[in-house]
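Before any comments, here is the structure.
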Amino acid sequence: MGIKWDEFFVTGDPLIFASQIGIALTLIGALAGITYFKKWNYLWTEWLTTVDHKKIGIMYILMGVLMFVRGGIDGLMMKGQTAVPENGFLNAQHYNEVFTTHGVIMILFVAMPLLIGLMNFVIPLQIGARDVAFPQLNALSFWLTFSGAMLFNISFIIGGSPDAGWTSYFPLAGKEFSPGIGNNYYAVALQIAGAGTLMTGINFVVTVLKMRTKGMTLMKMPMFTWTSFITSIIIVASFPIFTVALALMTFDRTFGTHFFTISGGGMDMLWANLFWLWGHPEVYIVVLPAFGMLSDIISTFARKTLYGYKSMVISIVMISVLSMLVWVHHFFTMGNSAAVNSFFSITTMAIAIPTGVKVFNWLFTMRKGRIKFTTAMLWALAFVPNFVIGGVTGVMLAMAAADYQYHNTLFLVAHFHYVLIPGVVFPIFAGLYFWWPKMFGYMLNERIGKWNFWLFVVGFNVTFMPMFFLGLDGAVRRAYTYSAETGFGPLMMISAIGSIILAAGFAALVYNIYWSARYADRNIGNDPWDARTLEWATATPVQHYNFASLPEVTKLDAFWHMKKNDQLQPLKEDEVEEIHLPSNTWIPIYMGVVFGISGFLLVFEWTIAAAIAAIGIFAGLAFRSFDYDEGFHVHKDEILETEGIWRKGANKGVKNHVS
Amino acid sequence: MDQHSKGFPISHVIGFFMSLVLTFGAAWVALQTSLSMKAVMWIIGTLAVVQAGIQLYMFMHMNEGEDKVANNINIIYSAFIAVVIVAGSIWVMTSGHSH
Ligand code: HEM
Ligand SMILES: [Cu+2]
């Protein structure tokens, strides 16, 4: 224990003080606003207790966008600090905290929630289902992720942030070298969020295997469904490793065990080993669904079936196997034997093969297509060259011998941003522009979208391209400053200016969301892009039961073929049946809250209090076991009425195409 | 299940006897031979893996029903993951000078 109460709130830094006040005011404002507009009931019944995969998906996306703001501000602060030599904006400690929270938040609370959010919204619709396999578990996944994210985020105002990097290597991350409680936040918050992600993985494996509509064989699934399925399998295979590693970290830090401390007979390198056994597959967990979204978007706007569907499937299956076999490339320089380094060098380069196959398939899909340059498609087009830069520098890093030169420099930082931003963030933005109309019934504005696109892409390149050269010149990563003699100044300045352009691009997206919510046209029909997959075969925004009657699939690009062959069936009144759906439940959000409280107490090493709070977790489990709620039925009248409204005036289900 | 309710459950019997043989074999190797500790470990470890396989196929209906392909893929994939994590970690952690 030995927590000093006067250090409970972080004090003494004007920046943090300002955010503390800011957060307090925002919270009070939000609570007051909800109370004033009498929205508590709406919030509770429509969102907080929902088990509808579409609403859960939207909540994930909202969380991802908010966390992007937080992680982005961290990134800008770092760029501000290193813009000029010997800058005094952030001190060393503060810089350490900022790159740590930036890395963790961007990967686990931005990339993951945005992707899982889109998966949640789209996958059941694409496979013609009414929900995921376990709707209540799905809600629990969300609330655990949210709870972990909030716990991680309060670290910088209460108790202090973790500061040992997003990798939190031992011995640095151990009690001896990081005695504060900051790193406990890392161990506990990621544990909670990780449990949520693992459940999502299980849920989507079962959903894809068991919930597909009639006729949709595995080889007729849309590519996004395929990649999400493979991603879920990788989640199930790799997240338990992280769970164990974090548990051991918690034991070491809180209960005095020595799994990772050499002095006690432990092995510090084992942490790096376990971390990357999870960490590398994690990279594929974020990139594969993104690839899937691109595939669907490219084939929609090139108006052609995806080229090489089979080879795409084989590639992602190969990636899922290879991705478990490359983890050592993250620590080539830590003294492994030559055989180990050579083996992992080769497996790493081998991954470039299936990835290359995919890139060529996308190019061939576009070849001779009548491409429509919508904002969504622009992101997909920009993805190809930018991601290739990331991939090629990745193959450079894969050579163990050469890695001794690149390791720990800004070259590496540039490389992984070139993989993560074009490979994950661009596709996510593409996906938001593409599926936004399905989610909300209006499109994001295309003109603001172009601003969003150009500012972001240009800003991204100006920010990260110089880092390749800085790294080759010897600028190390995670260094809070450098001297003027190094000559890094000019490139660092260019990079900092780039990050402002990048931020402006993101601001354009946020503005677009606001503008479109207020002014966008609501009359867009159910299929505004002339798309190919089943999610476009139902109303916009999607009615809560998804499909009045479950569609039957005969071909890949099912909806496209229905449109071409005039097989869109008008709803026959006598065939409509009551639809059985699961009811809302308070248990998932309750679990999120008790996990959050218990986790918070554990962070402060008040173990007895944490154990008492954990009783609440078991209470939640018990309630769930005695919960005999059988769900409810949507009545025929309601279905007929809802269907009548969106199908009215529709040309066999298709209204005007906006392009 | 159904095909076993009729007729003599021959595969169960074989599985049962093989399990007995493997178990007593392991006990015999460990208690009655004078092999080195390392050899004993390898032998009884191997016997354990063989027996796990027998249990999966003879008793746990791995090869039956509509899910048999999925079941087999599952088991092979889990074995692959387990080997990668355990054997891979041991190899990486002990072969260099990092340990
Ligand atoms: C929004 C624009 C972004 C900016 C300006 C930015 C900037 C930076 C900077 C300056 C660093 C630290 C360099 C150093 O070592 O000193 C960094 C590290 C990192 N960034 Fe970003 N980044 C951005 C977006 C992202 C995204 C989208 C992701 C992931 C999806 C990401 C993941 C990471 C990771 C994992 C680290 C390593 C943290 C560590 O060293 O522990 N970043 N970023
Ligand atoms: Cu990797």
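Yeah, the Cβs are placed from backbone N, Cα and C, and that goes for glycine too.
In TrEMBL this protein carries:
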{"type": "TRANSMEM", "residues": "A:15-37", "note": "transmembrane segment"}
{"type": "DOMAIN", "residues": "A:38-554", "note": "domain 'Cytochrome oxidase subunit I profile'"}
{"type": "TRANSMEM", "residues": "A:58-78", "note": "transmembrane segment"}
{"type": "TRANSMEM", "residues": "A:98-125", "note": "transmembrane segment"}
{"type": "TRANSMEM", "residues": "A:137-158", "note": "transmembrane segment"}
{"type": "TRANSMEM", "residues": "A:185-209", "note": "transmembrane segment"}
{"type": "TRANSMEM", "residues": "A:229-251", "note": "transmembrane segment"}
{"type": "TRANSMEM", "residues": "A:313-332", "note": "transmembrane segment"}
{"type": "TRANSMEM", "residues": "A:376-402", "note": "transmembrane segment"}
{"type": "TRANSMEM", "residues": "A:414-436", "note": "transmembrane segment"}
{"type": "TRANSMEM", "residues": "A:448-471", "note": "transmembrane segment"}
{"type": "TRANSMEM", "residues": "A:491-514", "note": "transmembrane segment"}
{"type": "TRANSMEM", "residues": "A:589-622", "note": "transmembrane segment"}
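Within the chain, the transmembrane segment (A:58-78) has long-range Cβ neighbours (under 8 A, six or more residues past its boundaries) at 47, 89-90, 95, 98-99, 101-102, 105-106, 109-114, 116-118, 120-121, 142, 145-146, 149, 153, 428, 432, 439, 499-500, 503, 506, 510, 513. Away from its own ends, the transmembrane segment (A:98-125) comes close to residues 53-54, 56-61, 63-65, 67-68, 70-71, 74-75, 77-78, 90, 131-132, 138, 141, 145, 148-149, 152-153, 155-156, 161-168, 186, 190, 193, 197, 200, 204, 207-208, 211, 224-225, 228, 231, 282, 285-286, 289-290, 293, 420, 424-425, 428, 431-432, 435, 438-439, 478, 534-535, 538, 542, 546 of its chain (Cβ-Cβ under 8 Å, at least six residues beyond either end).
Residues 219, 226-227, 230, 233-234, 237-238, 269, 272-273, 276-277, 279-281, 283-284, 288, 291, 340-341, 343-345, 347-348, 350-351, 353-355, 357-358, 397-398, 400, 403-404, 407 of the same chain lie 6 or more positions beyond the ends of the transmembrane segment (A:313-332) yet place their CB under 8 Å from a CB of it. Confidence for the domain 'Cytochrome oxidase subunit I profile' (A:38-554), expressed as mean pLDDT, is 93.
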